[in-house]
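First the structure, in the form of structure tokens, and then the observations on it.
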Ligand SMILES: [Fe+2]
Ligand SMILES: [Fe+2]
């Protein structure tokens, strides 16, 4: 059923949407909520995103295209489900954590705290931000289940698409669990502030602008799985440099999962390019025009109005996830899907192809220019996640 938000004009699929800017800050939003005399309105505002989301377009995939996903049921079983690891042999968080039932538990915890004692605060900001992103998993499962033609219609649907989504979620669930427990045991971070941030973030949701459209949705997840692969891979390398080999192993193991998930989502999009190259190209161009938002872009800790921006700045400075990575991912996907060689596109499709195939160098140039204009003054910012200690942005 093609439902649309009632205040929206019908926008053609895959076209860039106007952006509604809202200057409200989370603090203002919450404060004004408390003062409001309208009780229904105020209680709603307390749990809506601290920042207004974009104009929300829904169900942009033409209904006849939903059939494509039905016809790919067997393909999905053979190509996607084959990429999952059996639960009985797969790793679990407990494989990397001190064993609470053992005599040596306290010594293991002591060793862990010894290892993490000297790791710098800015690294913890990155690791906590990554962990919070993983912990908002309910949002990502919800997002996948917004997609027409592939959603889990019952919660226990036996379509290959639904089986994949649940199994993917179950694999992902170990990432936040493991990082959360490890960070808790270090004693270096303010768990209560972190838990508040997770609660705010899950309550806020996310706005990936994928329009219930599996073409857009799977391009988004292809991009995101690679982004998390890069980011966890970098936190692994840093942990190794700081001498915590167990933490390096943890981040590396999570990164390997992300890589496998990236393989699955890029396979879906590769298949879409094969069966419907024109609309898949338009979808890719549309996502890139809108820019791929990070899954935790609505994060808030009850204090910092620009928490995600500040966390991203630290990740950029440490090289955990950078603007260059964004351009590299785009370039990687263009190569992975062999987009330059796709022939027989419509005029519109060819323009989209030109756009995506030449975008990465343009992003890099813009980034270099922005970087050179930046004042080199070191700005320090307190993070509630580490007891308000200040970290350079
Ligand atoms: Fe993950
Ligand atoms: Fe992931």
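Note: Cβ is positioned from N, Cα and C throughout, glycine not excepted.
For residue 175 (Fe cation 1 binding site), the same-chain residues that are 6 or more apart in sequence and have a Cβ closer than 8 Å to its Cβ are 134, 254, 257. Residues or ranges marked as Fe cation 1 binding site in TrEMBL: 134, 172, 175, 258.
All protein chains considered, the CB of residue 172 (Fe cation 1 binding site) has 20 other CB atoms within 10 Å. Marked as Fe cation 2 binding site by TrEMBL: 172, 225, 258, 261.
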Expected list for ligand 1 (Cβ under 6 angstroms, binding-site residues 134, 172, 175, 225, 261) reads 134, 172, 175
For residue 261 (Fe cation 2 binding site), the nonlocal same-chain Cβ neighbours (under 8 Å, six or more residues apart) come out as 83, 168, 171, 172, 221, 225
Surrounding the recorded Fe cation 2 site, with Cβ no more than 8 Å from the Cβ centroid of 172, 225, 258, 261 and those residues left out, we find 168, 171, 224, 228, 229, 257, 259, 260, 262
Filtered by Cβ distance under 6 Å to ligand 2, the binding-site residues 134, 175, 258, 261 reduce to 258, 261
Within 8 Å of the Cβ centroid of 134, 172, 175, 258, the other same-chain residues by Cβ around the recorded Fe cation 1 site are 137, 171, 174, 176, 228, 232, 254, 257
Cβ proximity for residue 258 (Fe cation 1 binding site), under 8 A, sequence spacing 6+, ordered by residue number, returns 225, 226, 228, 229, 232
